[in-house]
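> Mind looking over this structure? Questions follow.
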Amino acid sequence: AGKCGPAQRRRTVPSILRELAEKQQLSEEIVSLLQAQFSDLPRELHSWRQMEDYSPEMRQFACLLHLYHIKTYDYLRKILPLPHPYSLTNWLCNNKAAAGFSGDVFLRLQEKVERGDQAYRYCAVLVQDVSLQKQQEWDPHTKQLTGFVDLGAGILDADEAPLASEAIILMAVGISSPWTAPLGYFLVNGTSGPFLAQLLRQAISKLNNTGIVVLAVTSGASARGAETARALGIRIDPGRIQCTFQHPPGSAHSIAYFFDVRHALLLIRNALQCFHKVEWLGDTMWWQHVVELAALREQRVLELCSSESGRAGSKESYHLKVNLATRLFSEDVAEALEHLQKLGLASFQNCSGTVKFVRLMSSLCDVFYGRGPYGREPLLARNYTKISNLFNEAKSCFVNLTDSVGRYIIKSKRKLGFLSFLLNAESFKWLSSNYTCPEGTPSHHLHTRAFSLDPLEQFLRALQQACGSSGSPTSTVFQAAYHKLLASCSLAPSSPHSSGNASPWDVSLSQRRALTLGSIRAQYHPAPGRTLAPEYPYSAGLLLPSSALSNALTDLSLYTQSLTCTAGWVAEQLALDLQCEACLASLFEVDESRLSCRSVLYIKKLGGVSLPSASVHHITSISEQVLNQYGKVGGANKNTKLWPLELEVFQELLGQSPLFPTLTNHLFEGELNINNHYAVLVKEITRCYLKIRTNPTRHLNLKYPCRRHKLKRLKGKLSPLDSCQSS
């Protein structure tokens, strides 16, 4: 820095910070925090001349200033010998799952790269925040106060320091191989786009130092995400989109930026709800068509039986039922709207524009999730032309979308969802044009899952379970849970077809519930609490026999019908929470010859209850056999532990004919065999049935729990099993 004059020698670090605050180059909040936390730092400039002698407090000061205000840091570097920003990564690194970058994870990644494992050569970086409960606590092990902001260089525990309100989590995800690595977390009290941008650059630099090349960054499609993108140099103007940024700044290496697709879909759903109607190039999308589909009540449909059924000339009754687990922007919804239009339902006439828009969004989702006609390899050269044409069609639609008075939506306050898709499309094309997997990789294509927040959100769900609470954890609880997860974290690639530890009952899976027809019905037609009519055969009192004597005295046809109706009620209950449309459709006996999509089902009914599929009926029959063997039915055994009975049911099912034949490989999505769709379906059906049979009054809300005379009255009213009654 050279020799200082008399005036310059009188300058101190606090005086420089005050000067910057007066010039509005540094916020008063940051200045107050720095002065409160670092009151013991050397005031004179000459005390900062030897970086190797920097105390922990001096290092903490440098890291905090760099992350919160890079321009001020660069200015002070001209006065003080502060290190280059990318040298700060070592000071932001910790072991034992403390705040900051996880040193052990980076070391393990470096070892894999040094062994020549090409699967770890390229990655994407994901960033997401988690809300924390503000709470100051005393840690008896470290003998320190906790709950404060911690960026990895030490806790900011001054009396005037703020408590942490959220944790920022970073994760690396393999692009050519589906591995994940939690890179670390940072406890903050509010944050900004520039702060996250500096944090991402630090993570990218640290990954580059291990030999891993970062090709993409993904954040949420939110105000903070957009601010972060702009701070990195991304332009989201539809007229001139800049989808990449350079790292280091000014270098030749570019990195693509993505917004999470499900976040963007939620924003587009919100926009359609607010505008009610949108138009583009002669087409009109009416949101009311989607609302009417979601709210469609079961409708009875009568048709003549075919000659193949042996009942030619007679009428067969079905009930048209909407599959509420169907994804909102899917081909199934488009086909359902077309089908209902052909049936002549007045609410669905003139819905061709709605069908076209939904089908366009469905095709975009297929690309970004690697499914549908593009398969799991959408970035292959043979798909490029087709995908490029799709992106051009989407851009033409989005930039010309107008509301009911002709205002362009792309310029409105509801534009971010549409802009997110346009940016993602440009990033996707850039990667297709500039990136080719090396020959040594296990798979020669990009896993598009790496460009969404799904892997990180799966980690966050596991983190929430480890916290043991559905609410926001304190920073102490969060850190303990993170330490527990990190200890069991494997960097090995999972199955490319895996959906992690998520089950089809996981309602938090990447906002899946918020993007289904069920969510639309709940918004416009909230369902009241469900109570069962006492005239249903399974809710009349005796239900199913619980002893050998009652078996002998019971009408077998009534027994069979009661078992069928109970199984149907189980199917209906599970359908209320199931978030997988294929699994939901497999719960019922449906006529698949009428419609290829699963968004509208044709089902049969018995006694007002939907008939279950043969697989559901078989599982409940085995469950009933197990109950009879153990003699544990009725209210007297309501406190019975169910897991031994569940285990016995699973044992009985082993070696028998495969269940759910309408589903194929879809059933086995999941990282572990014990947690795939097949296992979860069997487990939930068994558990729900056993709960009903061991405590019917509680689970069925019965009006007549134990009255034989009701059965006698109903017996003559029941139709045979192969007939169908109107609900």
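Any Cβ shown, glycine's included, is placed from N, Cα and C.
The domain 'THAP9-like helix-turn-helix' annotation in TrEMBL covers 19-91. For 99-233, the entry in TrEMBL reads domain 'Transposable element P transposase-like RNase H'. Per TrEMBL, the feature domain 'Transposable element P transposase-like GTP-binding insertion' maps to 263-376. Residues or ranges marked as domain 'Transposable element P transposase-like RNase H C-terminal' in TrEMBL: 450-483. Taken from TrEMBL, the feature domain 'DNA transposase THAP9 C-terminal' applies to 547-707.
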> Examine the domain 'Transposable element P transposase-like RNase H C-terminal' (450-483) against the domain 'Transposable element P transposase-like RNase H' (99-233) and state whether at least 3 Cβ pairs sit under 8 A, considering only residue pairs 6 or more apart.
yes
> Mean pLDDT over the domain 'Transposable element P transposase-like RNase H C-terminal' (450-483): what is the value?
89
> Kindly report the helix/strand/coil residue split of the domain 'Transposable element P transposase-like GTP-binding insertion' (263-376) according to DSSP, in that order.
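The breakdown for the domain 'Transposable element P transposase-like GTP-binding insertion' (263-376) reads 61 helix, 23 strand, 30 coil.
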> Reported in the order helix, strand, coil, what are the DSSP residue counts of the domain 'Transposable element P transposase-like RNase H' (99-233)?
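Counting residues per DSSP class in the domain 'Transposable element P transposase-like RNase H' (99-233), I get 43 helix, 49 strand, 43 coil.
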> Could you break down the residues of the domain 'Transposable element P transposase-like RNase H C-terminal' (450-483) into DSSP helix, strand and coil, giving a count for each?
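So the domain 'Transposable element P transposase-like RNase H C-terminal' (450-483) is made up of 25 helix, 1 strand, 8 coil.
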